[in-house]
Amino acid sequence: MQGSSLPPGLCFLLCFFGAVTPKIKASCANCPPNASCVNNSHCTCNSGYVSGSGQKLFTFPLETCNDINECEPPYSVYCGLNAACHNVEGGFYCRCVPGYRLQSGEERFNNSSGNTCQDTNSSKTTQGRKELQKIVDTFESLLSNQTLWRTEGRQEISSTATTILWDVESKVLETALKAPEQKVQKIQNSSVAIETRVITDNCSEERQTFNLNVQMNSMDIHCNDVIQGDTQGPSAVAFISYSSLGNIINATFFEETDEKERVFLNSQVVSAAIGPKRNVSLSKSVTLTFQHMKTNHSIKKVFCVYWETTKQGGLWSRDGCFLIHVNKSHTMCNCSHLSSFAVLMALTSQEEDPVLTIITYVGLSLSLLCLLVAALTFLLCKAIQNTSTSLHLQLSICLFLAHLLFLVGIDQTESKVLCAIIAGALHYLYLAAFTWMLLEGLHLFLTARNLTVVNYSSINRLMKWIMFPVGYGVPAVIVAISAASRPHLYGTANRCWLHLDQGFIWGFLGPVCAIFSVNLVFFILVFWILKRKLSSLNSEVSTIQNTRMLAFKATAQLFILGCTWCLGFLQVGPAAQVMAYLFTIINSLQGFFIFLVYCLLSQQVQKQYQKWFREIVKSKSESEAYTLSSKMGPDSKPSEGDVFPGQVKRKY
């Protein structure tokens, strides 16, 4: 049925059965070939087979059970060193490769446990393994030399990697060709795995295509491409997998993608080489199968790439490599030449919720207006100016600047330098805002403690002495250390903010978590002090009222300055969307809440607002009177119907 449409009758039959399947009670007679009946109601495929639909239990009468190829990904049965997997109908078997045999003398076995394929010439095998072991040990020492990689620049790193790859391939092929009677050799350590295969008989007795497997990666190469038409001597093919080389020649060496796409290397780096002629062009493409290193990502694009030698050293390139198939665990590529290969992937960028975007911009705009009015109030209202007001003023200024920069600069990713500067400024301003929140919590605790211990003047002196160095100095030190250690992690492809790589975001989240925890302790102590104060029966009414107002402000302070960011950490699991909306709504209205609590609900500020309002009205009335008088002239007299501002027209 592949490649053609179904006949109408059969299509109707399939649709009909698909619709009524749940109502049919299956029996053993309904099960397809290579399947068994379960509980006289469902069918299941026998061991070694899988249903066409992928379901373990099924009732669909036209279901089929297909043979599982255990020798290919994603199963890839491991038969042990110097052994190969062979698929058969309904199963598989392992068999030693030519030149090796089991000690028991048997030709086939089912797994590598207790079965070791030994070379018929063990002395030469030992010598060959020693030489390969020396090669992999030398490479591991180079790879673990952190000084070598950290002190070199980008061009030097690519040049060094290119040289190492070529040297490893050459030495592996040379070792394999020294002992042509050892047709297959395998060896590995924590950094590299190698499989070599030698051909001595012009492919007459070998399969037309060879399959080489190392560390769950595989390569299929045609025999004629290995011998390259040379019938005079042995030829060899080497397949090498590097487990951690991708951390050095990573996705930053790939330039054939949009800057906004976050590309990362999601496979081990593998090399394929043939000898003694080091030709790289092939008559038939090789098929490479890579196992993914990470499988929990939403993938947007997949790139099959090879390491291309350039004048600058080397880069990842897609020329001659094509994607065949990809699933959650593996990627299959075709390449028309030999080199070092890998798989690069671009993550799917999260689509922005338009509702959240609108809430953010509207809420922050309202907060900016409220923070501006609040800052002017704290600055101009003489009646309320004290240490507490100074703390409110600095907090409002930091939040105002942070929110303003967020609105106008968070998406300015065109220039990397400008984006990095914006990200650093946002890092500093939000850290400064949180530091002033910490000082607010400290001052609130000391003020509450003053209800029981009369030392208010010393508290004011302490706060005035520490608040500016701490409020602006500590964030500056944190940002300076972050920028000096990893400046390239300021600014991402989509946002001018801190990168998530290498835990860099904890340069912001770490201090925020610490401040929130300390503030929580302060609030608990404040409530404990207030509870004791309210329990006193001899307290004056005015004192109780002030204490209750302090308790209300303490609750509001915790809600405004702590709870909002705590919700950001809870955006996981099924409630992530709800938490995202709560976080966005409350956090974007933070400036409005500050204005509400510290301005509108303050009696002193209310009186000052009323005073300013009366002065504005009075000034406006006097201005209108002066304007009217100017229009009438100095010699004119008001008519009988004229009424001046503030004058009431009476009837007698």
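These residue numbers are counts, starting from 1, taken along the chain as shown.
Using the three backbone atoms N, Cα and C, a Cβ is placed for every residue, glycine included.
The region 'Disordered' annotation in TrEMBL falls on one of the ranges 103-127, 628-652, namely 628-652. Across 391-409, 415-439, 465-484, 504-530, 578-601, stretch 578-601 shows the highest tally of CB pairs under 8 A with the transmembrane segment (358-379).
Relative to the transmembrane segment (578-601), the listed stretch 391-409 leads the set 391-409, 415-439, 465-484, 504-530 in CB pairs under 8 A. Beyond the ends of the transmembrane segment (391-409), by six or more residues, the same chain brings 361, 364-365, 367-368, 371-372, 374-375, 378-379, 422, 425-426, 429-430, 432-433, 436-437, 439-440, 443, 463, 467-468, 471, 496, 590-591, 594, 598 to within a C-beta distance below 8 angstroms of the stretch.
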